[in-house]
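Undergrad: Take a look at this one; I'll ask things after.
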Amino acid sequence: MGTAAEKGPPPPRGVPGGLPWTMWMNSTAKNHFVATIGEIVGTTMFLFFAFAGTQVANVQDNPSDGTTTNASTGFSPIKLLYIAICFGFSLMVNVWVFFRISGGLFNPAVTLALLVTGAIGKIRALCLFIAQIIGAITASALVLGIFPAPLNAVQTTLSEGTSDARGLFIEAMLTAELVFTILMLAKEKHRSTFIAPVGIGLALFISELVGVYYTGGSLNPARSIGPAIVGNKWDNKHWIYWVGPFIGVVIAVAFYKFIKVLEYEMANPGQDADDWNDPTKNPNHELRERQRDMTQRVLRSLGLDGYLNNDNDYSPEAQHEALHHEREGMQVAPDTPVPPMSGGYDEIPNSGRSARFGPRSADVASEESVPAGRRSRAGTGKGPDPFDPVARMA
């Protein structure tokens, strides 16, 4: 028999599928698995506390035949407020806890919105969708098993006098509000993204205040199907709680893409005091890149390729060379400063026309002998521009 040294090291610890542990830990499959587990637990926790709060709100009513919209005692503003607070705050807390794990979506309508806008992929969206349904069923089962009241109190139905069309569009509008809030606070990254759960929870809170009386305030197909499956009680209006939220997704995503195409960031910049995400201050911002690309095309169409370097970029060296050519052609004195333009661009005088290109460069006359990384911002002496790629490399 050989010694332990002759046998060599043990084989790598395996995982399902025969992959070595290190490969599994760095795989996309593992990430999908973790996100799915997180979404199941997160959806369960969100709906458990929301459903439990609804049960507590109706604990003295014995709502054997009642639902969220029409418990046995009828409409009660206090109960309405209590239910809305439970849903809104439960969503806020659990999104804040789980958004680093799975994104904290907890809603098939939100999953669809993020899929359409490119925030998540198809496989991740499918995993989260399944997880949300499982989480809703689990939460419903826990509430049914722990609390003495029947599950009817958390089921969503249309209130008496609410037509199908009215219920459908109430669900659509309320879901549109929630989804658009998520797109602007969570998908759009900015300095206040980390407190997005507060805005998202408040969006659900205000939506529940409006919707609970008329439709039960679903805004979430998983929230409606979970109690229906566990309680084995299906309403013939259940389709409203799928079609309505998905119409809301269409409304929210359409408006979101509309303002993105129109570059909403330029309409009211600087609201977050975040220079990196401010296109008027960061020359590397996505919108500034688009502007430079459009300017390149215009310059080429006018035969002004001299403003571009060999890489078709707006480097400081290419700008300085173009400025010198302009001065020679116009017989401008070498010490004539280049007037700055607002928005981080330079304006080049040339017989009544001007060209806008590139990030704001330093004054040529006063700083052309200074290394690129030491140039001051627009000749103001404020030090290197933090957004100047040449300055960062120096």
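Cβ coordinates are placed from backbone N, Cα and C, and glycine is handled just like the others.
As listed in TrEMBL for this protein:
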type: REGION; residues: 339-394; note: region 'Disordered'
type: TRANSMEM; residues: 33-59; note: transmembrane segment
type: TRANSMEM; residues: 80-99; note: transmembrane segment
type: TRANSMEM; residues: 105-121; note: transmembrane segment
type: TRANSMEM; residues: 128-147; note: transmembrane segment
type: TRANSMEM; residues: 167-186; note: transmembrane segment
type: TRANSMEM; residues: 193-214; note: transmembrane segment
type: TRANSMEM; residues: 239-259; note: transmembrane segment
Undergrad: If we skip the immediate neighbours and take only residues 6+ beyond the ends of the transmembrane segment (193-214), which ones have a Cβ under 8 Å from one of its Cβ atoms?
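TA: For the transmembrane segment (193-214), the far contacts come to 68-69, 75, 80-81, 83-85, 87-89, 91-93, 95-96, 99, 104, 158-159, 162, 166-167, 170-171, 174-175, 177-178, 181-182, 185-186.
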Undergrad: Given a Cβ distance threshold of under 8 angstroms, which distant residues of the chain, six or more beyond its ends, lie next to the transmembrane segment (33-59)?
TA: 66, 68, 71, 79, 82-83, 85-87, 90-91, 94-95, 97-98, 101-106, 124, 127-128, 130-132, 134-136, 138-140, 142-143, 146-147, 149, 153-154, 222-223, 226-227
Undergrad: Out of 80-99, 128-147, 167-186, 239-259, which stretch touches the transmembrane segment (105-121) the most, going by CB pairs under 8 Å?
TA: 239-259
Undergrad: So if I exclude everything within five residues of the ends of the transmembrane segment (239-259), which remaining residues of that chain have a CB under 8 angstroms from its CBs? That is, six or more out.
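TA: Residues 107-109, 112-113, 116-117, 156, 158, 164, 167-180, 183-184, 215, 218-221, 223-225 contact the transmembrane segment (239-259) from elsewhere in the chain.
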